[in-house]
Amino acid sequence: MAIKVGVLGAKGRVGQTIVAAVNDTDDLELVAEVDHDDDLSLLVDSGAEVVVDFTTPNAVMGNLEFCINNGISAVVGTTGFDEDRLAQVRSWCASNEGVGVLIAPNFAISAVLTMVFARQAARFFESAEVIELHHPNKLDAPSGTAIHTAQGIAEARREAGMAAQPDATEQALDGSRGADVDGIPVHAVRMSGMVAHEAVIFGTQGQTLTIKQDSYDRNSFAPGVLVGIRNIAQHPGLTVGLEHYLDL
């Protein structure tokens, strides 16, 4: 039986890509294309089992509350999740057993692997900084991917008992050292011609390591989204990060 899929934000750039990707499979059935002017009841009426959400930070929580309370699992690429929002999603899931929610800062497999590799490398280097580069229409900075990457690096450093990074800066223009994410500097670039890119730079005595990832178009997100749709039934509750669905 094909998995019945609905797409929220279906007329957006990423949404259109996901619609095309689902239609190009044999094991998934697109049953609902919902945009901001449409009623969410279309998801229930169509029998959607899994919803893909690429909407806006202002809309996503209402979308998730509706889906979870109606027994529909959700694969979410929308940004804007902080700890309070994640806690709310966990609460909704706890009241609706069997529903799965996958929230991923990035669905590009190369970006997911960058985050995993960065965490693995973190304990071997004194210093680490993250640079993310995106198109100028992106609403948030730094990106969720960069934040997630920095948090993983910081956690790995804590687990290894490492001290704070060396940095003798005493005078700096506001923002020149980037945002501080758990002690890891994160720098955001917004530039025409870019889509989604990230570089993680590590340094220690006499050597550096750069892990770099590039998404050149939005088709890069589709394979990861399809992984989420196909596997979410085996992951009830909230999962943050596509890496938990991959055999790494």
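Note that Cβ sites are derived from N, Cα and C of the backbone, with glycine treated the same way.
Long-range Cβ contacts of R13 (NAD(+) binding site) within its own chain (separation 6+, distance under 8 Å): R218. According to Swiss-Prot, the NAD(+) binding site annotation covers G9, A10, K11, G12, R13, V14, G77, T78, T79, A104, P105, N106, F107.
In sequence order, S143, A188, V189, R190, M191, M194, V195, A196, H197 are the residues near H134 (active site, proton donor/acceptor), counting only same-chain partners six or more apart with C-beta under 8 A. DSSP gives H134 (active site, proton donor/acceptor) a strand state. Residues or ranges marked as active site, proton donor/acceptor in Swiss-Prot (evidence: sequence analysis): H134.
Here Swiss-Prot flags H135, G144, T145 as (S)-2,3,4,5-tetrahydrodipicolinate binding site, drawing on sequence analysis. Within 10 Å of the C-beta of H135 ((S)-2,3,4,5-tetrahydrodipicolinate binding site) we count 13 further C-beta atoms, all protein chains included.
The Cβ of K138 (active site, proton donor) lies under 8 Å from the Cβ of R190, each of which sits 6+ residues away along the same chain. For K138, the entry in Swiss-Prot reads active site, proton donor.
T145 ((S)-2,3,4,5-tetrahydrodipicolinate binding site) is surrounded by 26 other CB atoms, counting those within 10 A of its CB over all protein chains shown.
A 10 Å cutoff on Cβ-Cβ distances gives G9 (NAD(+) binding site) a total of 25 other Cβ atoms nearby, all chains included. Sequence-distant neighbours of P105 (NAD(+) binding site): residues of the same chain at least 6 apart with a C-beta under 8 Å from its C-beta are T79, S143, G144, T145, I147, H148, G241. Between the listed binding-site residues, namely K11, G77, F107, G144, the fewest other CB atoms within 10 angstroms of a CB are found at K11.
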